[in-house]
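Trainee: Dropping a structure here in structure tokens format, bear with me for questions.
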Amino acid sequence: MKDLPARRLLLVHAHPDDESINNGATMARYAAEGAHVTLVTCTLGEEGEVIPPALAHLAADRDDALGPHRVGELAAAMKELGVTDHRFLGGAGRFRDSGMLGTEQNERPGAFWATPVDEAAGPLVEIVREVRPQVLVTYDPDGGYGHPDHIQAHRVAMRAAELAADPAYGTDAPHTIAKVYWNRVERSVVEAAFDRLRTTAPDTFPGIAAVTDVPGVVDGDGITAEIDGTAYAGAKAAAMRAHATQIVVEGEGEGKGAGAFFALSNGLGQPLLTTEYYQLVRGVPGAAGGAREDDLFAGLPGVGLGAEAVRESEPGSGSTSGPGSASYADPGAGHGSGSEAGA
Ligand SMILES: [Zn+2]
């Protein structure tokens, strides 16, 4: 891929739908601005529950045909976000959804959770070295909420970033990802959104979820970047709606996604957030004085708006001494890398 845009963003997710819920507005924004957005989804989400009764037969305990169906849902969602480069880790179906923690599916042969981290990281290293992203987005060490595939996606993404930068690993030119972010949600923001939802929830929701049901919630000081995706609220809502077996979206204001709510298979309403939050855990912050970044590429050389025509310098020329390799930020107490070892 020789003619990649100057700005390149890679997102690693566990199942189809996670990308739209967590990063839909961010992905739509960068795609619209001309950045190259690459989504890698680690499983087909075969173990997901199915919301529409007419499709209930697809479930793993019936026809076990949900995976291929969700491939189509993901493709439709990416169309809504304007993202053309979306791939499954190792190819569609290579790693199977591991189910919720403690189920027998966790240890099934081929389950993502049962795969050694380095084995699953291999195909991701290939993608990193091909696309050469400056920015990686994935989950925190808990996977945001403890789902085995989300925890494993975190481990595999972090390990692939490390291996891709290692000249001793493989034969392709190494690449150092300058900035790595974990998905976050700001506690005060989501609390206020739930308050609003309690007064306006559609009758179709049997109840309202709790803040503890939202992955990645932290206090404001755990957040270093805030992406205002208001202009892409409609695209995010449409992408989430494309995952029709998994998500119901309601309450949109004038079709633009503003004020929308959604529910997963438990039917409990949650606010659809169009400002998306991140914590920089590797790399140099691009905002002065500890202020929040409003751009995940902030501070990177040669990637400002309008820089999309600029090509990257020769592969490998800065890969071991480039931005980020020398001065990785401390991710902070409680979110450190100490819990990342092992599987
Ligand atoms: Zn998921």
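Keep in mind that glycine also has a Cβ here, set from the backbone N, Cα and C atoms.
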Trainee: Taking HIS69, HIS86, HIS150 as the options, which does TrEMBL list with HIS15, ASP18 at the Zn(2+) site?
Mentor: HIS150
Trainee: So around the Zn(2+) site, HIS15, ASP18, HIS150 aside, which residues have their CB within 8 A of the centroid of those CB atoms?
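Mentor: Same chain, not in HIS15, ASP18, HIS150, Cβ within 8 Å: HIS13, ALA14, ASP17, CYS42, THR43, GLY45, TYR139, GLY143, HIS147, ASP149, ALA153.
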Trainee: Within 10 angstroms of the C-beta of HIS15 (Zn(2+) binding site), what count of other C-beta atoms is obtained when all protein chains are considered?
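Mentor: There are 25 of them.
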Trainee: Through the lens of DSSP with three states only, how would you label HIS15 (Zn(2+) binding site)?
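Mentor: The residue in question, HIS15 (Zn(2+) binding site), is coil (DSSP, three-state).
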